[in-house]
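Engineer: Look at TrEMBL and you will find 27-104, 146-226, 236-332 tagged as domain 'GDNF/GAS1'. Residues or ranges marked as disulfide bond by TrEMBL: CYS34-CYS40, CYS146-CYS207, CYS153-CYS159, CYS170-CYS185, CYS180-CYS226, CYS209-CYS214, CYS236-CYS308, CYS243-CYS249, CYS260-CYS278, CYS270-CYS332, CYS310-CYS320. The N-linked glycosylation site feature in TrEMBL is assigned to ASN342, ASN399.
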Amino acid sequence: DEILRSLAGPPSPPGLSPPGWRVPVDCVRANELCAGEPSCSSRYRTLRQCLAGRDRNTMLANKECQVALEVLQESPLYDCRCKRGMKKELQCLQIYWSIHLGLTEGEEFYEASPYEPVTSRLSDIFRLASIFSGMDPATTSKSNHCLDAAKACNLNDNCKRLRSGYISTCSRELSATEPCSRRKCHKALRQFFDRVPGEFTFRLLFCSCKDPACAERRRQTIVPSCSYEDKDKPNCLDLRGACRTDHLCRSRLADFHTNCQATFQSLTSCPGDNFQACLGSYAGLIGFDITPNYVDASTTSITISPWCSCKGSGNMEEECEKFLRDFTENPCLRNAIQAFGNGTDVSLAPKNPNPAVTVLPKAEKSPALPEDVSDSNTAYDTSVISTCTSLQEQSLKPNKSKEQSLCYSEAQLTTDVMPEQKTFMDPKAGSSRQQESRILFLIPILI
């Protein structure tokens, strides 16, 4: 084990790592390290035999299987992860699940992601998107952003080729009863979203819209008549169960739950306030039977759902509804989509916002919001992104602290704001000028 740990990565300086700490490697490399050590290699072969055709309880009842599992928990295989789009992604994921399916308590509702964490931010894509489009998003508020995204894709050879490929495949009619090959359509979609950079794919999927024609173009991005819709809606738990029988689909679903599971521990409702990770894991689901999409062409609200329902769930209806709400009523996912569409990034916000209000010089010209403005992002959908709407939308009473009332204004947080200008506007700050004038008016009377 000590030899394997030393091979897995360089030793860390004393005092910086906890006891037993190991540098995680990708699972393909971890498997190679294990194969080179007789004890690990034999235990891994034993575990694979134990998992073949047996449920977890049967496997753990076998002493030899139990010992193999305990030994492998101390090997690089236990901590290994995979990278999205890596050359041997499927092989890597198969190795990951061969270990972790033996460790989980059967069919867990949420599973940990087998992928390495996403550390980049949306601001990186905003800068690239502005360069590729040749214009700043702040100056094109009246344009059709989804049409702009398609034009930007056509200017890139790789994006144009793969987009044309999946549109052609998903639109090809096979017969009067079979409008397309769903399997080939899904494969072409996966290739597009895995091989084309996010500055193109995100703009196609999450472009902001102010009219139904734009919203319908956004909904049609994945050719839903072939990749998404079907004659009947299957039960959502059946869809999830089928997804979990495939290592790639299971991994993408676990990644979505890891990065988009709504949390009230962050300002944005997203784990780690990382919009980029949530949107990337959402895009990773496209090209499977569990593919999500916009349910309509509404411009006032964003509702995402896979093609399924909870009819016929029996005593599993509560679990089914919970699974479906992770798509349809997910404040993290909705905030991430709105943030991208409006060109804002949570990375502009400090982790501990200062209650003091700082206003940009440009913002003084913009009309102030009324004092009684709601946190909800429905009434002011076209001009304000509220990253603090999740509590109200979940029918919970929010704290009346300064942090909970912070909302980002599209006029303030566009890409022309420099990163060092970390500026916020309090919704109630708009009346400050009126209060000052009242005070000035009262001074002579008081004197």
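Cβ atoms are placed via backbone N, Cα and C, with glycine included.
Because TrEMBL annotations are produced automatically, they should be read as predictions rather than curated entries.
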Engineer: Kindly state the mean pLDDT of the domain 'GDNF/GAS1' (146-226) in the predicted structure.
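Structural biologist: Here the mean pLDDT over the domain 'GDNF/GAS1' (146-226) amounts to 94.
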Engineer: Which whole-number value in Å describes the distance between the Cα atoms of CYS226 (disulfide bond) and CYS236 (disulfide bond)?
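Structural biologist: Just about 19 Å between their Cα atoms.
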Engineer: Sort out the sequence-distant neighbours of CYS214 (disulfide bond) for me: same chain, 6+ apart, CB within less than 8 Å of its CB, listed by position.
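Structural biologist: Residues satisfying the criterion: ASN144, HIS145, CYS146, LEU147, CYS207, THR299.
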Engineer: Measuring Cα to Cα, how far is CYS332 (disulfide bond) from CYS209 (disulfide bond) in Å?
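Structural biologist: Pair distance, Cα basis, whole Å: 19 Å.
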Engineer: Cα within 10 Å of CYS170 (disulfide bond) is the criterion; apply it to the disulfide-bonded residues CYS40, CYS153, CYS180, CYS236, CYS249, CYS308 and give the hits in sequence order.
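Structural biologist: Of everything listed, what lies within 10 Å of CYS170 (disulfide bond) (Cα to Cα) is CYS180.
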Engineer: When DSSP states are grouped into helix, strand and coil, how many residues of the domain 'GDNF/GAS1' (27-104) land in each?
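Structural biologist: Split by secondary structure, the domain 'GDNF/GAS1' (27-104) comes out as 55 helix, 2 strand, 21 coil.
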Engineer: Measuring CA to CA, name the entry from the disulfide-bonded residues CYS159, CYS243, CYS320 that ends up nearest ASN342 (N-linked glycosylation site).
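Structural biologist: Closest recorded candidate to ASN342 (N-linked glycosylation site) by Cα: CYS159.
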Engineer: Out of the disulfide-bonded residues CYS180, CYS249, CYS310, CYS320, give me the one sitting nearest to CYS34 (disulfide bond) by CA distance.
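Structural biologist: Answer for the nearest of the disulfide-bonded residues: CYS249.
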Engineer: Please tell me which one of the disulfide-bonded residues listed here (CYS209, CYS249, CYS260) sits closest to CYS185 (disulfide bond), measuring Cα to Cα?
Structural biologist: CYS249
Engineer: Between CYS209 (disulfide bond) and CYS153 (disulfide bond), how many Å separate their Cα atoms?
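Structural biologist: Cα to Cα, CYS209 (disulfide bond) and CYS153 (disulfide bond) are separated by 18 Å.
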